[in-house]
Structures are given as C-alpha cells and as structure tokens.
Amino acid sequence: MELLERIKSPADLRGLGPLDLDRLAGEIRALLIERVTRNGGHLGPNLGVVELTIALHRVFDSPRDSVVWDTGHQAYVHKLLTGRVADFATLRTRGGMSGYPCRAESEHDLVENSHASTALSYADGLAHARQSRGDPGHVVAVIGDGALTGGMSWEAVNNIAAAPGRPLVVVINDNARSYAPTVGGLARHLAALRTARGYEEFLERAKHTLQGVPAVGDTVYRALHGAKKGLKDFLTPQALYEDLGLKYLGPVDGHDRTAVEAALRRARAFGGSVVVHCITEKGRGYAPAEEDARDRFHAVRAAPVPGQPPAAGQTWTAAFGEELLAQAECRPDVVALTAAMLEPAGLLPLQRALPARVVDVGIAEQHAVTCAAGMAMGGLHPVVCVYATFLNRAFDQVLMDVALHRLPVTFVLDRAGITGDDGASHNGIWDLAALRAVPGLRIAAPRDRATLRRRLDEALGTEDAPTLLRYPKGSLPADLPALERIAGPDDTTSVDVLARTGEDVLLVAVGALGGACVAAARELDDRGIGCTVVDPGWVKPVPRALVELAGRFDVVVTAEDGLRAGGVGEALAAALRDARTVPRELRVLGVPTGFLEHASRAELLDECGLSSGRIAEEAGRAVADAAGRPPLKGAV
Ligand SMILES: Cc1ncc(C[n+]2csc(CCOP(=O)(O)OP(=O)(O)O)c2C)c(N)n1
Ligand SMILES: CC(=O)[C@@H](O)[C@H](O)COP(=O)(O)O
Ligand SMILES: [Mg+2]
C-alpha cells in the first residue's frame, strides 16, 4: 500500500503518472478485499468504482467541487482518496469509520442518507446554490443504474434539464445491477446504450481508415459523422437525455481510467449539465465477486470473530419466504412486490416456484405501494415486501392510496427496528410510530416463527383493511410458546402470556423483544420481583384485552424495538388514560428520537435500554418507585 498511504488528499493524485495510477488502483482493490471481507460491507459496489473514483478525483477538485454519491454504499474508494486510509481498518465498527459518507469524518462527504435515488436532487440544489451565489466549480453526482430506477431521480432530471448552464455532471455508474440485474424499461434503455460502445469503436475505426483515403475519404467521413446522430439515435437511443436538454457523453468504459478522465474533462468544460455514462462491473478485479451470480458480493457479512459463535439458525427473512410460499400455493390471489430487493426480502423461494407471483418494480417503493393498491382494487391480495426504513418513502401512498380505500394490502417489513451497522438511515425504527397515524391499518409484530406464520395468515385473511407485519434483521429466536392466551373479542385481539412469576410488574413485549422480556422476568424473579410477560401480537389497534389486563397492574413496562415517541407503549398509555386505569408506574421503553451512530444491533439495543439486562433494571426501578407512591387509579 506504499502508494495509497501517500495519498492524503485528491491533490496527491494529480502528480501520479499512468503506471503509478494503475498500481494505485491495484493497491486499493487489495485493501478493499482484505478489509471488507473481514469487517463486512459493500465489496462488490466499491470494486466496481475504483478507476471511476480515481478519475473523478483527478479531474474535479473536491471539496471545492461538490461530489455526491447516491446511496453512498460505494464511497469507500472516495474515502481512501480523501485522507482516510489509516481509519479504513475501523470500517463499520462502533466509533469507527461509517460505511457511508459521513460529514463528521470529512469535508469531502456531503450526503449521509443511504436511501437511493436522492443524489440528483441534492446535486440540483447544490448547483442552484452555486449559481445563485456565484460560486465557481462543479457539482458531480455519481448515481447507479439501480438508483436511476427511483422516481426521485427523474423528478430531478426534469428540473436539471430545464436549468440552463447548471455546473452539474451526472456520472451514471452503470453495472447493470442493483442487487440483481436492474429491471424495467430504463434498464433496457441503458443496455441499448451499453451496446453503443461497439458503435463508437466502429466509428473511430472508420474515421481512421477514411481519413487515410485521399480526396474523398474526408468527405465520406464527414458525411458518416453527420449521419452519426441519426444513426446513433437509431442504434443507441441516448436521445432520452439529449431531447431532455442534457448533454450525453458515453458510453465510456468505467474501468479505463484514461477514458473516464477524458470524458469527465469534456463534461467539466461543457458549461452546462452533462451526463457521463460509465459502464462498470460490480465486483471487478475479484474473481469470487465477479463470478457471484447472486449479487456480485453486493454486501458481504463480517468474518466470524474468533471466540464468538457465528450467527446461527434461520433468519427471519428466510422463514418469511417459506411461509409466504406456503400461503401463495393455496392463495392464487396473493402476489408479492419488491423494490429491487427480491432476495434480501426473502422472495426467492416464491419467485422460483411461482415466478409470475413476484413483481420487482426497481427501487420504487412509492410505485410498489400504489401498484399494490391497484392490484387490490383488481381483486388480488398483494404483499409489499420492503425493509422498514424504505417504507418511510411511501407513507403517503400507504395512507392515501391504500388505507383511505380500506384495501386488503399486506405490508411485510423486514429489518424493522434497529439494524445497526448500516448507520442511521437504515434503522427501521419509524414504522410503528409513523404508521400509528394511518386509520384502519392493522399492525402485528410476530415474536417467532410460529407467530410469524399465525400473523401472516391473519393478515392475508383480512380483506377489509390493510395489514402490516414487522420483524427485525437477523436470526429467528427459538419459538416462544404462550403459557396461556387471554382472549379478546376475536382471535386477532387476544394477548399471549409468555411468563408469569408474579404480579409486581406487567411487562408488555412487542414482537421480537419477547425473548429479552422473558429473560428480564427471570432476572427480576431472582431479585424477588414477580413479573407477568405478555405479547399482544397485534399492536395496532391496541387490543382491548391488553388495556383491561394492564389496568389491573400497579406497574406496567412496555418494550418495543422502535421509536418510543408515538410507539406502541404510548398508545397503551393513552388507552389506559382513556379507561381511567392509569397504573402507579408506567414505563415506556423504546428507541429515543434521534439518529443512531452505526454499531452492531446488539450494542445499540443495549444502549437504548432494550437488552434483557436493561429491561430488568428499568422494571426493577419502576417497582421500587411505585412502592413509595399512592395508587393513581382513576386519575386522568
Ligand atoms: C429507497 C431505497 N430502497 C432500497 C435500497 C436498498 N439498496 C441499497 S443499494 C441498492 C442497489 C443500488 O443499485 P445501484 O444504484 O445500481 O448501485 P450499485 O450497487 O449497483 O453500485 C438497493 C436496492 C436503498 N438503499 N434505498
Ligand atoms: C446499501 C444497501 O445495500 C443496504 O440496503 C444494506 O446493505 C442492507 O444490508 P442488509 O441487507 O444486510 O440489511
Ligand atoms: Mg448498479
């Protein structure tokens, strides 16, 4: 890494010759492979942008020029070239380097949000600001072909194309994949452009040959070149960009640094918005990634830590995939939708068995939700399968396109709750609080495989309202059978009792925190504090059986892997107030409102007071506090 260690800023790149630059690319790849296979992270995407990032930082002058990375998972090389080689060993570790751009780490980093399809909007705003302030320099946005399938990208293109003289360069990092091959008409359009590379090479050869022919050669070449636009439009419909008013350069081999630099220099000199279309290969330079048909090592897991047992057992995602397939085999009306996360959301079994019953809309959650509304209006029962954090993007669609019409759409949110390593914007902590405001939407949080199966069945059996299931990242816990079931008006409003060592405190466990709450009850029992642990299953609306049960306890503690503010605990507190059965002590445990720094899920759960030890601590304190306080029953 002798060369890479000398790079303290992009300026150090400009003194290097071609051989050193090639050597530098090799050193970067070696470091990416060594470190990311150990710490985990986005190996494939970053191997695919080594030459592109070197070229970009040689042509443009960050941070005088602004560089925005869409989604940001492919910014490791950018970090290595902007003075962070020494910190790279701490990638994705608590207190270490983030796996995404991070403003606190560097003035070269602007956008921390890992939600895709935002870069062009940021870039339009940054360029507008530069123009209105008279600031020199450019804005460069690097966006993947997958992120280009997101609607926001085209809202931005529509505006960028209408703004004359924007000092904006859009670099399309086209590796033809999101996780899987990119889907949709746009993917076909980009594929057509990719084949244009052969056309450009043909034209170069023709130019060289014809210009060697005396007298007529040059005339013929000029005629051919004049026909180029028409021929190229016919062969390679890049008119999409140019008819919109954007200059299009490309396609360029994104691994030919010299060619990328030449295209970027042309773009920089153009004096208006330019699209530079780079063809890259996800996983380039590392055979196991290049040969990985699944997702080209899009995101690799951290290597097992010596002495720590690797994550064992089936994941929530795999279990859901099996349960959904079982349902779909009996229910021809069930159709699953994904937003470019088919395998990550567990839909591979269904796609393999019943391919027509899985729809991948690209990175387009808003379209997924309203398309599902249309499917439901058409008599189907759609299942929208997304990561919890990404449903934030489609709140209005859930509210006004689905719930307003009381449509039987089922949402399944994977990675609900704290996810940890992927930073603040990947935690799925907003769903319970945000969606509590959606009239008629019913929400369930399964605690294990058996309740996942049961809640999915109940959700798919609900035809007069939208339903939603949510579960966390990682391995399924062991099944946690109910000791007894406290019946409600119907089976979906009953409450499962998971543990009963006494009645000093009622512990309400939401979903996957059932195990932690049962463990907390054991700790409390050892300290002579009797606990009853219950799991309501359906948490919206709050089951009446839960309100009646909680109204009989002096101390109630709720625990949820989601925002405390506006979550399930606060909904129960409001119901107890309405029933005038407020307990002496009511503690609502949840994630504080804020953005969590990256760390492991376990570390952040403990930090938020949601590990079994922390839950036991808080419940013990609540019992102690209640002992010295008169009963509040009946108080408002
Ligand atoms: C709104 C949103 N939905 C889903 C994701 C999950 N996701 C992360 S990276 C990725 C694929 C991105 O593909 P592309 O933009 O082509 O970048 P590449 O990985 O190919 O470099 C997806 C779907 C996301 N980050 N944001
Ligand atoms: C940026 C990106 O790809 C994220 O969606 C992230 O990698 C998700 O990671 P997991 O699928 O491991 O939760
Ligand atoms: Mg891509």
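Every residue, even glycine, has its Cβ placed from backbone N, Cα and C.
Cross-referencing HIS57, HIS73, HIS405 with the thiamine diphosphate binding residues that TrEMBL gives (SER114, HIS115, ALA116, GLY146, ALA147, ASN175, TYR286, GLU365) picks out HIS73. Around HIS115 (thiamine diphosphate binding site), the C-beta neighbours below 8 angstroms that are at least 6 residues distant in the chain are THR71, THR389, PHE390, ASN392, ARG393, SER425.
Taken in sequence order, the binding-site residues HIS115, ASP145, GLY146, ASN175, GLU365 that lie near ligand 2, meaning a CB under 6 Å from one of its atoms, form an empty set. In sequence order, GLY41, HIS42, PRO45, ASN46, GLY99, TYR100, SER114, ALA299 constitute the residues six or more apart from HIS73 (thiamine diphosphate binding site) in its chain with CB-CB distances below 8 Å. ASN175 (thiamine diphosphate binding site) counts 24 other C-beta atoms within 10 Å of its own C-beta, drawing on all protein chains shown. It is ASP145, among the binding-site residues ASP145, GLU365, whose Cβ has the fewest other Cβ atoms within 10 Å in the structure shown.
According to its DSSP assignment, GLU365 (thiamine diphosphate binding site) is helical.
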